[in-house]
Amino acid sequence: MNVLVIGGGNMGMTYAEAIGKSNFLNTGNLMVYDKSEKKLAELRASGLFEVHEYLSTCLPKADVVLIAVKPVHAAGLMAEMKPMLSAGQLFVSIMAGVTIDTIKQGLGVSKVVRAMPNLPALVGLGMTSFTASEHVSRLELAAIERLLDTTGRSIKLPTESKIDASTGISGSGPAYIFYFMQALMDAALKMGFQEEDARLLVGQTFAGAVELFNSSDLSPEDWMAKVASKGGTTRAALDSMDDNNVNALIQEAAYAAFRRAEELGAQTKGKEEGAHA
Ligand SMILES: NC(=O)c1ccc[n+]([C@@H]2O[C@H](COP(=O)([O-])OP(=O)(O)OC[C@H]3O[C@@H](n4cnc5c(N)ncnc54)[C@H](OP(=O)(O)O)[C@@H]3O)[C@@H](O)[C@H]2O)c1
């Protein structure tokens, strides 16, 4: 199988390096194309894949094409790709808010997987949700899952609406965790800790709690009950959060991201349809 990654930016490079380092493909079967001169030089230094500066030298050879450019560049790129495509090629898009229909129409193809990764993919701990058009076979899906899993773990979802929902949980989620971390760092600094010590206290606390959570089937509530005892310090903090409705506010934030993902998808689709009208 020949895989082409289009767009060697943060995410494209992450995928290309992860796939290149895995045993999934040989170096000769992995290609990266980018149009930025500066990016091409960086990509060539990696040595894990073939680097192409022209679509015409790589796109016709590809069985799977991973599209990792910004959504704003999607329409122009797809117009450029369309005359060079051949039957049977499969397209995986990680472009936020760009729907499967938009890609099917833009490229005139039927096999499309839409995936939503998240930032920890950079360190191999990504969470990617994905869904596929009906023409993608089970065998092809299994191969795509292996490809996505080179950056962490993945989950196949039944609909694109669920991809938008997962954007509100795992896609945008790392930022909510950083928000919570920042709040705890701010509290630590106010309590008089040096920045370096605050970083250690907060970072190691998150890492430990996450490790505990992932190492058992206990729910977050079960773990809270293990830390908090009646009349104790943790109970005081949790009661304060409950009194201030923090749980409901975090849920509302996740829904805000979900709604925004739906809005962005509708906008991109509207623009594409306008361009083809
Ligand atoms: N970053 C995340 O956490 C995250 C999470 C989920 C999904 N995503 C999605 O991942 C995609 C990539 O994001 P990113 O942060 O990696 O973007 P990025 O760093 O800007 O990378 C995109 C790369 O594609 C190049 N490019 C643009 N148009 C092109 C074209 N027509 N042909 C070939 N290359 C082209 C860009 O070059 P120029 O710089 O010259 O334009 C750039 O090198 C986005 O669609 C985003 O929605 C990102």
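The backbone N, Cα and C atoms fix where each Cβ goes, and this holds for glycine too.
Unlike curated entries, TrEMBL annotations are predicted automatically.
Quick look at what TrEMBL annotates:
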- ILE6, GLY7, GLY8, GLY9, ASN10, MET11, ALA68, VAL69, LYS70, PRO71: NADP(+) binding site (BINDING)
- 3-97: domain 'Pyrroline-5-carboxylate reductase catalytic N-terminal' (DOMAIN)
- 160-264: domain 'Pyrroline-5-carboxylate reductase dimerisation' (DOMAIN)
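On the 0 to 100 pLDDT scale, the domain 'Pyrroline-5-carboxylate reductase dimerisation' (160-264) averages 97 in the predicted structure.
As a whole number, the greatest separation of Cα atoms within the NADP(+)-binding residue list ILE6, GLY7, GLY8, GLY9, ASN10, MET11, ALA68, VAL69, LYS70, PRO71 is 14 Å. With a cut-off of 8 Å between CB atoms and residues at least 6 apart in sequence, the same chain places GLY12, VAL32, TYR33, ASP34, LEU55, VAL65, LEU66, ILE67, ALA68, VAL69, LEU77, MET81 near ILE6 (NADP(+) binding site), listed in sequence order. Under a cutoff of 8 A between CB atoms, and with a sequence separation of 6+ in the same chain, the neighbours of LYS70 (NADP(+) binding site) are GLY7, GLY9, MET95. Taking the Cβ of GLY8 (NADP(+) binding site) as reference, residues of its chain lying under 8 Å away and at least six apart in sequence are, in sequence order, ALA16, VAL32, TYR33, ASP34, SER36, LYS39, LEU40, GLU42, LEU43, VAL51, ALA68.
In the domain 'Pyrroline-5-carboxylate reductase dimerisation' (160-264), helix, strand and coil residues by DSSP number 88 helix, 0 strand, 17 coil. The sparsest Cβ neighbourhood within 10 Å, among the listed binding-site residues (ASN10, ALA68), is found at ASN10.
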